Amino acid sequence: MPSLADLQVSSLGPCAYPSPLGSYVAGRETNEYFVSEDDRVLYDDTISLLRRRGEPLETCPSFEPGGPRPQIFHDPATTHVGVVTCGGLCPGLNDVIRAVTLELYTHYGVTQVTGFRNGYAGFDPAHGFEPVDLTPALVGSINERGGTILGTSRGAQDPVVIVDRLVALGIDALIVIGGDGSMHGAHRIVEEITRRGLPIGVVGIPKTIDNDIPHIGQSFGFATAFGEASKAIAAAHVEAESAYNGVGLVKVMGRHAGFIACYAALANHDADFVLIPEVPFSLHGENGLVRSLERRVRERGSAVIVLAEGAGQEHTLATGRSDASGNSRLGDIATIVREAIEKDFHDRGEELTLKFLDPGYGIRAVPADPSDSVYCARLAQVAVHAAMAGRTDMVVGRRRHRFVHVPIPLVIERRHSVNPEGDLWLSVLESTSQPLDMR
Ligand code: ATP
Ligand code: MG
């Protein structure tokens, strides 16, 4: 559990400029739109959690709230903001780029907004990726398309080169839209900026389709992603039900965290088994997958298995390979599960109709659904408010319906994952009736 000190967000300095947003709230009796600089959002939200700490209330961990401040750090007339998207695709990236640009132009009067191309590689002049001017006209309806108009990439980049480029272009604040690796990279950039004593802020908008970044509540694009995955599960269910001894096997994203598998399965209650990285399972034990599936197909005539790509890695041979960013490549659990099921039915002389569905990239590439679009726009606005107020080395998040600022070191120290003892996993077990322990 983080302490109050862990939750302090860094700032470039005192805020000397009145926020242009003041014109919207001028004349109102109270300026409730503005966040009070001495307000905080509690980390714990139940009396029992607070009691467990045994600390006086003022030292209880709390987050800095997100939102507009009456006084800001950067002078909007001269501010230049950079935007970059890094890592894998996720629904909503274009919504975020659009909302950052529009908030800066429309409400802060900032007209220098530069988009860096193809992730962190776009900062290195050696790659020759020319930055683009992000304008309201350019970002007009980009939210209708999936992907990112800026492009993205993986692979290490030197923070010294990145900061050289920020300085050369006169960037005052950089908004990084990316996953855990990107936030590691953002922190390295902050370290280099600090080493040089520069007043340049770095604010992250966490992007993780797997929802595996801690402390930020739900990540943008996650709801769209599990909605898409649930369509594949529904299709697998129809296929399985319509065949004799039909089995649907659906592979969904989730390298280290099974949130997509859990939510997609709960969205339509068609899954008989949900297998996630956090909960080990055996293939051939009495309550293992093969025997349990055999029983379920005998009882109901068909079954659907939802398999997160990172589940059951202990059954695969370590690939020993990694991608350009150093993330290890997963073993192919889907093939192992599929072959084990086919062999079991064959050995028992039973007919089997197994349909394997891998919605894979189709999940990442879709545009955000309306609720994610709203969320993207609001996260982007909160990130702009934070950047203009001189915050740095932080990401925006939304916990319990409150937008908050979270220090980057806190979000990169561990991964968020499904708690096998928690209420989400219990809901999945209730929905599937799979054995509690499948080892
Ligand atoms: P996702 O995994 O959700 O697709 P990600 O941001 O984790 O997104 P990565 O490819 O791991 O994707 O990282 C994106 C960029 O962040 C890389 O191109 C690299 O420049 C930088 N990066 C990744 N890991 C680190 C690290 N440990 N330290 C510094 N920079 C990193
Ligand atoms: Mg990552």
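Residue numbering: from 1, along the chain as shown.
Glycine too: its Cβ is placed from the backbone N, Cα and C atoms.
Automatic, uncurated: that is what TrEMBL annotation is.
According to TrEMBL:
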type: ACT_SITE; residues: ASP210; note: active site, proton acceptor
type: BINDING; residues: GLY88, ARG154, GLY155, GLY179, ASP180, GLY181, SER182; note: ATP binding site
type: BINDING; residues: ASP180; note: Mg(2+) binding site
type: BINDING; residues: THR208, ILE209, ASP210, MET253, GLY254, ARG255, GLU309, TYR361, GLY362, ILE363, ARG364; note: substrate binding site
type: DOMAIN; residues: 81-386; note: domain 'Phosphofructokinase'
type: SITE; residues: GLY181; note: site 'Important for substrate specificity'
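Projection of TrEMBL feature records onto the structure.
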residue	record	CB count, 10 Å
GLY88	ATP binding site	19
ARG154	ATP binding site	18
GLY155	ATP binding site	14
GLY179	ATP binding site	24
SER182	ATP binding site	26
THR208	substrate binding site	27
ASP210	active site, proton acceptor	29
GLY254	substrate binding site	31
GLU309	substrate binding site	23
GLY362	substrate binding site	13
Where ligand 1 binds, which of the binding-site residues GLY155, ASP180, SER182, GLU309, GLY362 are close by, with Cβ under 6 Å?
GLY155, ASP180, SER182
Between C-alpha atoms, which of these binding-site residues comes nearest to ASP210 (active site, proton acceptor): ASP180, SER182, GLY362?
ASP180
Please list the recorded positions from GLY179, ASP180, GLY181, SER182, ASP210 whose Cβ falls under 6 Å of any atom in ligand 2.
GLY179, ASP180, GLY181
Rounded to a whole angstrom, what is the C-alpha distance between GLY155 (ATP binding site) and GLY254 (substrate binding site)?
21
Setting GLY88, ARG154, GLY155, GLY179, ASP180, GLY181, SER182 aside, what same-chain residues sit with their Cβ within 8 Å of the center of the Cβ atoms that define the ATP site, listed in sequence order?
CYS86, GLY87, GLY119, GLY178, GLY185, SER325, ASN327
Please name which of the binding-site residues listed here, GLY88, ARG154, SER182, is nearest in space to THR208 (substrate binding site), Cα against Cα.
GLY88
For ASP180 (ATP binding site), which DSSP three-state class applies?
helix
Spatially, which candidate from the binding-site residues GLY88, ARG154, GLY179, ASP180, SER182 is nearest to GLU309 (substrate binding site), comparing Cα atoms?
GLY88
Would you count the other C-beta atoms found within 10 angstroms of the C-beta of GLY181 (ATP binding site) for me?
21
Of the binding-site residues GLY179, ASP180, GLY181, SER182, which sits closest to ARG364 (substrate binding site) by Cα distance?
GLY179
Cβ atoms near ARG364 (substrate binding site) (within 10 Å, other residues, all chains):
20
